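Quick look at what TrEMBL lists:
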TRANSMEM  24-41  transmembrane segment
TRANSMEM  48-64  transmembrane segment
TRANSMEM  70-88  transmembrane segment
TRANSMEM  100-122  transmembrane segment
TRANSMEM  162-181  transmembrane segment
TRANSMEM  187-210  transmembrane segment
TRANSMEM  222-252  transmembrane segment
DOMAIN    228-346  domain 'O-antigen ligase-related'
TRANSMEM  264-292  transmembrane segment
TRANSMEM  364-384  transmembrane segment
TRANSMEM  396-416  transmembrane segment
REGION    440-460  region 'Disordered'
Amino acid sequence: MIPEYSAVLSNISLSGIGEEAGSILPHVWLAVPALFVLALCTTARGRIVVFTGGVLLTAGTSGDVGTSKIAFMGLALAISAISLLRLLRRGAGREDRRVSAILTATLVFAVAAMIAAARGFSLGAPILSIVRDGVSYLLLIAALPLAADAGRCYNYFQVRRAVLLVGLLSAAVYLANMLTTRGVANLGAWAGLLFGSFPVIALGVCLCLVEGSLGRHRGLWYIAAAGQVGAVLLTGTRMGLALFTAILGLLGRRRRGAPGVTRLIIGLALLGSFTSALVLILAPHLAGLHFLMSRLESGIRAIQGDIGEDLSGAQRLQRYELALTYFESNPVLGHGLGGFAYGTNSSSAFEYYLDTPLLVPAKFGMVGTALIVLGFAILFRGLLKPTTPRPSTQVRAQFVIRCFVCVIIFTTPFGAITENKGLGVSVALASMLVLAPAETRPRPERAKSLGGDRPQRQMS
């Protein structure tokens with residue numbers, strides 16, 4: 001037996017073994033990050049991290065639905081289902097009205113999405129186009145249970161740091177992507193690999209304004225806010241002016257924690273000064289002052305006269321009329337998901353995105369649009385309800401929500417905010433700000449049931 005075994009071994013080529021090992025090793029190394037992600041998904045803390053990071057990594061890769069996006073959406077829905085089961089098992093909705101509002105809003109959004117998906121399928125839209133057209137709504141539905149489950153596992157200051165970090169990162173990526181897309185500047189090959197989301201930037205700006213008005217280190221917070229606003233304005237996107245409307249969310253009575261009028265005026269002046277200085281310093285090196293001035297002048301002409309005089313305004317007007325035509329042809333249920341998808345793997349006739357608020361009624365009709373509005377009303381009303389006791393951190397978190405709602409309202413004329421894939425991340429982080437306790441124990445208890453982290457107890 002030994003001579004035969006030696007003969008077999010002598011016929012095996014060492015180079016062949018090396019080639020086989022070289023072809024297998026890359027697949028083995030891919031299993032390492034996959035196992036790490038799966039390990040994170042076993043805890044409520046980790047699931048929200050996986051969701052946020054996954055959106056930033058996959059949502060901006062391309063306009064089509066690729067394998068990575070489908071895999072991530074499947075993972076997001078799976079971990080969201082785990083969080084939802086944990087919330088229902090421990091009766092979190094009965095214990096906390098805010099969690100109950102989050103779960104109710106999730107149900108309303110899910111019903112609206114299912115009606116629109118069924119409508120699109122009945123009109124002959126392929127499954128891939130339906131998924132492509134409903135990505136932002138799927139991510140929003142998945143985000144809410146994850147936020148409700150992880151809300152008590154982080155304290156307010158941890159969530160605040162996360163919102164600031166994600167907002168600054170998203171602003172930098174948004175600047176690079178927009179300038180590269182418009183051909184104004186080329187800021188590197190990494191532009192487009194991450195997702196720069198306007199709602200995430202808006203939440204970061206709102207947090208900075210609230211902390212600058214009510215918290216400590218006010219100058220630093222206004223500088224951080226100016227950095228995010230300036231990044232949006234440097235792209236020539238006039239929608240960035242809507243970020244200044246966040247200051248309206250801070251209006252209110254002093255006895256309810258609102259800052260005084262004098263402090264608001266000073267804060268707005270600081271924000272405007274820091275933003276102007278940042279734009280004037282960076283514009284010659286990035287977009288160029290001529291580009292920004294031409295965008296500003298065309299916007300002013302559009303406001304003073306016919307909106308069609310501005311190229312961007314003319315395109316928006318054309319898409320507005322097109323979406324209105326689709327809505328009028330089927331006002332009750334709309335045309336469903338799938339008919340408005342665009343991209344190389346889409347079967348629809350659209351080669352561009354219908355950047356208009358009427359896209360939502362055209363897709364969902366009056367029934368679905370009413371459900372979406374109802375879902376947001378339930379969500380924000382529940383998050384803004386005061387609790388007893390009401391710590392100062394919750395007061396600040398609820399002012400962040402108010403400022404965020406103001407930005408969403410004033411951004412709506414520029415486009416449908418619900419179509420943005422980053423809306424789910426921003427709403428999840430905003431919900432966690434409200435749910436997070438003022439302070440928590442350093443180490444949470446481990447739950448024996450499925451899911452991992454048990455919410456941390458508030459320190460006395």
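From the backbone N, Cα and C atoms, a Cβ is placed for every residue, glycine too.
Just so you know, TrEMBL annotations are computer predictions that nobody has curated.
Of the two recorded stretches, the transmembrane segment (364-384) lies close to the transmembrane segment (100-122), with three or more CB pairs under 8 Å once pairs fewer than 6 apart in sequence are set aside. By the count of Cβ pairs under 8 Å, the stretch nearest in packing to the transmembrane segment (396-416) among 70-88, 162-181, 222-252, 264-292 is 222-252.
Residues of the same chain lying 6 or more positions beyond the ends of the transmembrane segment (222-252) and with a Cβ under 8 Å from any Cβ of it are 164, 167-168, 171-172, 174-175, 178-179, 182, 184, 198, 201-202, 204-206, 208-210, 212-213, 258-259, 264, 267-268, 270-272, 274-275, 277-279, 282-283, 286-287, 291-292, 295-296, 299, 312, 399-407, 409-411, 414-415. Same-chain residues lying 6 or more positions outside the transmembrane segment (264-292) and placing a CB less than 8 Å from one of its CB atoms are 175, 179, 184-185, 187, 209, 212-213, 218-219, 222-223, 225-227, 229-230, 233-236, 244, 247, 250-251.
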